[in-house]
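Pulled from Swiss-Prot:
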{"type": "ACT_SITE", "residues": "D156", "note": "active site, nucleophile"}
{"type": "ACT_SITE", "residues": "D217", "note": "active site, proton donor"}
{"type": "BINDING", "residues": "D78, D79, K154, S188, R213, D217", "note": "substrate binding site"}
{"type": "DISULFID", "residues": "C38-C80", "note": "disulfide bond"}
{"type": "DISULFID", "residues": "C42-C49", "note": "disulfide bond"}
{"type": "DISULFID", "residues": "C127-C158", "note": "disulfide bond"}
{"type": "DISULFID", "residues": "C187-C209", "note": "disulfide bond"}
{"type": "CARBOHYD", "residues": "N177", "note": "N-linked glycosylation site"}
{"type": "CARBOHYD", "residues": "N201", "note": "N-linked glycosylation site"}
{"type": "CARBOHYD", "residues": "N330", "note": "N-linked glycosylation site"}
{"type": "CARBOHYD", "residues": "N385", "note": "N-linked glycosylation site"}
{"type": "MOD_RES", "residues": "S322", "note": "phosphoserine"}
{"type": "MOD_RES", "residues": "S332", "note": "phosphoserine"}
{"type": "SIGNAL", "residues": "1-17", "note": "signal peptide"}
Amino acid sequence: MLQKTVLLLALVAQVLMLENGLLRTPPMGWLAWERFRCNINCEEDPKNCISERLFMEMADRLAQDGWRDLGYVYLNIDDCWIGGRDATGRLIPDPKRFPHGIAFLADYAHSLGLKLGIYEDMGKMTCMGYPGTTLDKVELDAATFAEWKVDMLKLDGCYSTPKERAEGYPKMAAALNATGRPIAFSCSWPAYEGGLPPKVNYTEVAGTCNLWRNYKDIQDSWKSVLSILDWFVKHQDILQPVSGPGHWNDPDMLLIGNFGLSFDESRAQMALWTVLAAPLFMSTDLRTISPQNIDILQNPLLIKINQDPLGIQGRLIFKSKSHIEVFKRNLSDDASALVFFSRRTDMPYHFHCSLLELNYPKGSVYEGQNVFTGDIISGLHPETNFTVIINPSGVVMWYLYPVKGLGIYTMMSQL
């Protein structure tokens, strides 16, 4: 009953959300921050510094290596691109690292079928100390980004007060809309207010932003992934209703392809972010990423689930004494995704369960697929016991859909 109530609230809440027609499914793309941070030493490290070259090379990889065609279309600049403001107050990029300007990068991205995102901060300075967007500069900066043909703005919240943020984020949303250019708006607003009511009014946030950071920045470690997941689970009854087409909770970037996650942990982050209907922003070096990590990030069924048009955020539905957790996301056409997640740190665990225990209704027969192995699930009745073998800190993920009129069933006992 609780799950049905939350689903109803989610559908009602969507009527109150920002409707600029953008991001009807969670955005996908590449974002510089986690992997490249604020590396501005282009003399010592020209290949990896925050520069025009870096973003053009990542754009090439997105276009040529299959990413764009799967939906990874955003190429997002983060902090440390700004050179200052000119005599009229307009933002200018660093002239040495971005010699051709941001409009040039936008044109380059667009020529490859990509979209360009940019970063600023609702405060006197960005988090790394570059000129921010103060309240008196909101309209000017919005007009500048539109003139540069930018497609997304991430607006951080360092060096600002709660009062400035409460005024500034809605003001920027209005200013972006006034430009006439479709610019998706990514906000850090809730994260700076603690992420929860009463300090955060999610109805107002969702009426202002297309996506928003709720919690701490992700770091390149499994501990960081778990801390974010735990926070989302603890507050899922608050967070789930406000997420949906055009307005998404953002647990932060994907770490896959970097240094802090094992293979199973990488699969787990991808599966869990997918079931949370999270934006999928990679932040890795696409020039050197391994085939193994490409397979995780380019898994077509995972992407299909993430991009489901209903846009319902999944939730934790079952927690066992054996430290196995089950997450479910409801999808279009009565389909669903299940993630069996192991919190164990010892050895692969045989988890025994049935769909009935997971509150699937009697009277249906289900078919589907193991998302990572491709194994087919056929003729599964809710009453049927099954076993999944889950690696430590790993996942098994299923895509299921009901098949009507099927009176007999067969199924592999272990998937």
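Even glycines carry a Cβ here, placed using N, Cα and C.
What Swiss-Prot annotates, mapped onto the structure for a quick look.
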residue: C38; record: disulfide bond; DSSP (3 states): coil
residue: C49; record: disulfide bond; DSSP (3 states): coil
residue: C80; record: disulfide bond; DSSP (3 states): coil
residue: K154; record: substrate binding site; DSSP (3 states): strand
residue: C187; record: disulfide bond; DSSP (3 states): strand
residue: N201; record: N-linked glycosylation site; DSSP (3 states): coil
residue: C209; record: disulfide bond; DSSP (3 states): coil
residue: S332; record: phosphoserine; DSSP (3 states): helix
residue: N385; record: N-linked glycosylation site; DSSP (3 states): strand
- Message: Neighbours of the substrate site D78, D79, K154, S188, R213, D217: Cβ within 8 Å of the Cβ centroid, same chain, sequence order.
- Response: W33, Y119, C127, D156, S186
- Query: Sorted by position, what residues of the same chain at least six away from D156 (active site, nucleophile) have a C-beta under 8 A from it?
  - Reply: D79, Y119, E120, D121, M122, G123, T126, C127, S188
- Task: Find the longest CA to CA distance in the recorded substrate-binding set D78, D79, K154, S188, R213, D217; express it in Å as a whole number.
- Result: 16
- Note on the structure: Quick note, C209 (disulfide bond) and N201 (N-linked glycosylation site): C-alpha atoms separated, nearest Å, by 12
- CB neighbours within 10 A of C209 (disulfide bond), counting all protein chains shown, number 28
- Note on the structure: Between the C-alpha atoms of C42 (disulfide bond) and R213 (substrate binding site), the distance in angstrom, to the nearest integer, is 30
- Note on the structure: Cα-Cα, C80 (disulfide bond) versus S332 (phosphoserine), nearest Å, comes out at 41
- Message: Are there any residues at least 6 positions away along the chain from D217 (active site, proton donor) with a Cβ closer than 8 Å to its Cβ? List them or say none.
- Response: D252
- Note on the structure: Looking only at the recorded positions C38, C49, N201, S322, N385, R213 (substrate binding site) has its closest CA neighbour at N201
- recorded positions (N177, S188, N385), the one with most neighbouring Cβ atoms at 10 Å: S188
- Item | Rounded Cα-Cα span from C187 (disulfide bond) to N177 (N-linked glycosylation site), Å | 15
- Task: Mind telling me which of the disulfide-bonded residues C42, C49, C80, C127, C187 has the densest Cβ neighbourhood, counting other Cβ atoms within 10 Å?
- Result: C187
- Note on the structure: Between the C-alpha atoms of C158 (disulfide bond) and C49 (disulfide bond), the distance in angstrom, to the nearest integer, is 22
- Could you check which of the recorded positions (C38, C49, K154, N330) sits closest to S322 (phosphoserine), going Cα to Cα? N330
- Write down the Cα-Cα distance for N201 (N-linked glycosylation site) and C49 (disulfide bond), rounded and given in Å. 38
